[in-house]
Amino acid sequence: MKILTAAQIAEGDRITIERQGITSEELMERAGTLIFKQIHNRLQGAQIPVKIFCGIGNNGGDGLVVARHLVQHGYTVEVYVVNYTDKRSDDFLNNYEKFKETTKDWPQLIKEEDGIPEIDQGDFVIDAIFGIGLNRKIKGWMCKLIERINKSGAFVLAIDMPSGLFPDKISQSDAIVHADYTLSFQNPKLSFFLPDTMDYVGEFQVLDIAIDRQYLAEVKSETFLVGKEQAKILYKPRKPNSHKGDYGNILVAGGSYGKMGSVLLTATAAMHTGTGLCTLYIPESGYTIIQTGLPEAMVITDKNAKILSDFPKNFKADTVCFGPGAGTAEETVHSLENFLKKQKTPMLIDADGLNILSQHKGLQDLLPENSILTPHPGELKRLLGKWKDDIEKLKLAKEFSKKYKVIIVIKGTHTMIINRDEIYINTSGNPGMATAGSGDVLSGVITSLLGQKYDPPVAAVLGVYLHGLCGDIIAADEGFEGLTAGMIAQNMGSAFKALFENQEIA
Ligand SMILES: NC(=O)C1=CN([C@@H]2O[C@H](COP(=O)(O)OP(=O)(O)OC[C@H]3O[C@@H](n4cnc5c(N)ncnc54)[C@H](O)[C@@H]3O)[C@@H](O)[C@H]2O)[C@H](O)CC1
Ligand SMILES: [K+]
């Protein structure tokens, strides 16, 4: 699914109105009615005190539609108009009149701090102050209103987006509604997925308000959400008439004394993702550990007992994963440099491999085109330098991706795959996966797919989705706390199966 900018969403409204031959007020009625139905389905007439705060633009107009339907269905509703200016939108005004006519009730106008009502913990607050039209910082008494909403402890439902949040930039103010639930129209917004802003959104649901299908299909976006539907079409079935040579000969290089488990996790995950042949290149002291822990794999040892110092001569692999548990010793820098010089096809670099790249920037020029880097936020910061917010982080990552012709997998709650100007936002996974070794497993999954000749961006997007899906399958049985990286590595097969099953996991 595409993520659209505020301008593209507004254009979608305009085209829909034109092509469907409806008025903008009718589109607002459609949108507001869908929100009302969601609320009515859940409340089922329960007499919870509802307080709706409506701005004076179209988000406020949506709020008035919801308010009218709630009143008509017998709910206890107090409607407040957050009257920060008299420049009201036409559809707000139409719905303001309609509300008064049908309910014989008058919304209360808030024009200053004194007009802000008390909000109790037991209230149900609907936030319809600002939507995608927010274009500057919220100031003055409106900040107090937002503060009161946030401090009330009431359940807060945001319409389209929490007020104060921009769809695709980061607010420098803390006057942002903290929603428990957000009902958004047609397409989710970028800020729903960024670490800086996602907590304001709470749980969210996207409502289909039937924006023109042709427009949605044709509109150009460089940011995409990846769910099961998108991941499924990337999968390449295995052929009945095939042999292990068809599924990649991969080399996993890394490990050091005390950190041999990381490469074991990587290689185990690769084998369970379908790799044909897997060889590990490790310091000598890891030999027994790997041969015992993963009998399917072959091992080549470095002459150094505790760290990597060299690279395997006369060994050819389809792809290489370098870094898990490797450390950043001088000898290991030399090892990575040799790998980079030798490897001509895309490879994956993770963990200490990335730290070495950050400390020895000259090595970045040796990265084979379309290689995949898989940093967590700390490693990313060392690679790109500091950023002021998540939007700048994405900009820097795109620049790096273009400059070095590589793919960056920014790991996090919503892992983002950056391929030049494109961003793919992953939707699978859960907080149980924030656990040691989870990244080593992801490296194994993606390297395995690279070895199986998936295009590098596809290997990254599909690998990240399957890894998260596997975590979701395990968490459904074991809970978040019980999930370990080893379980993900061992159970990758269940993610492939689930890709083609219909039921929702977790
Ligand atoms: N997207 C859809 O398909 C539909 C969207 N609808 C709803 O419309 C809003 C967007 O409405 P809009 O009138 O463009 O903007 P807002 O209501 O978000 O804001 C109103 C207005 O306020 C001014 N403004 C912006 N920032 C500030 C500020 N910090 N302080 C004071 N004033 C500010 C600015 O002039 C804005 O225009 C969308 O989110 C949906 O909820 C439709 O109803 C259905 C279709
Ligand atoms: K809102």
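Backbone N, Cα and C define each Cβ position, glycine as well.
Record note: TrEMBL gives D127, S163 as K(+)-binding, and the candidate from N41, N58, N59, N241 in that site is N59. In TrEMBL, the AMP site is described by K411, G412, T413, H414, T415, and among G432, G437, G439 the residue recorded at this site is G439. For the binding-site residues N59, K411, G412, T413, H414, a Cα to Cα distance of within 10 angstroms from D160 ((6S)-NADPHX binding site) holds for N59.
With respect to Cβ neighbours within 10 Å, the binding-site residues D62, D127, D160 differ, and D160 shows the lowest count. Taken in sequence order, the binding-site residues N59, D127, I132, R136, H376, T415 that lie near ligand 1, meaning a CB under 6 Å from one of its atoms, are N59, I132, R136. Sequence-distant neighbours of G412 (AMP binding site): residues of the same chain at least 6 apart with a C-beta under 8 Å from its C-beta are P195, H376, P377.
Less than 8 angstroms from the CB of T415 (AMP binding site) sit V409, I425, N426, G429, V464, G468, each of them six or more residues away in the same chain.
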